[in-house]
Amino acid sequence: MFRTMMKAKLHRARVTESNLNYVGSITIDEDIMDAVDIVENEKVQIVNNNNGARFETYVIKGPRGSGVFCLNGAAARLVQEGDVIIVISYALVAEENVKEHQPKVAVLNESNQIVEMLGTEPASTVL
């Protein structure tokens, strides 16, 4: 049996732009992608803290060091520039590996810079 487990999380990213006329996806700074092992074309879930929207899309690489989090295509209708979002990636983990599985969690500041890396979800709220 396999379980669907959180693999990576980008916590409190700020939407830098939205582009309705692009084919689709979320553009993320490649340095930030690397920090939590998210790769181009990987499926992710987006949670918008401002309006409660939850949706899925895939990732495309943005310029390194840019801090970009741009929602493209139809997803652009679910966010506004400045919204705080959470980006979550999942993986199928074999039952025998579930207890050892450690997701990578990056906490970002208002400028989309990583301010903390967590090995697991904290027991308290991270703002």
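Glycine too: its Cβ is placed from the backbone N, Cα and C atoms.
Per Swiss-Prot, active site, schiff-base intermediate with substrate is recorded for SER25, and the stated evidence type is sequence analysis. In this structure, SER25 (active site, schiff-base intermediate with substrate) is part of a beta strand by DSSP. All protein chains considered, the CB of SER25 (active site, schiff-base intermediate with substrate) has 19 other CB atoms within 10 Å.
Summarising the annotation, Swiss-Prot assigns active site, proton donor to TYR58. Around TYR58 (active site, proton donor), the same-chain residues at least 6 positions away in sequence with a Cβ under 8 Å from its Cβ are GLY24, SER25, ILE26, ASN41, GLU42, LYS43, VAL44.
Annotation comment: Swiss-Prot describes THR57, GLY73, ALA74, ALA75 as substrate binding site, evidence class sequence analysis. THR57 (substrate binding site) counts 19 other C-beta atoms within 10 Å of its own C-beta, drawing on all protein chains shown.
Taken from Swiss-Prot, the feature pyruvic acid (Ser) covers SER25.
Sitting within 8 Å of the Cβ centre of THR57, GLY73, ALA74, ALA75, and not among those site residues for substrate, are the Cβ atoms of GLY24, SER25, ILE26, PHE55, LEU71, ASN72, ALA76, ARG77, LEU78.
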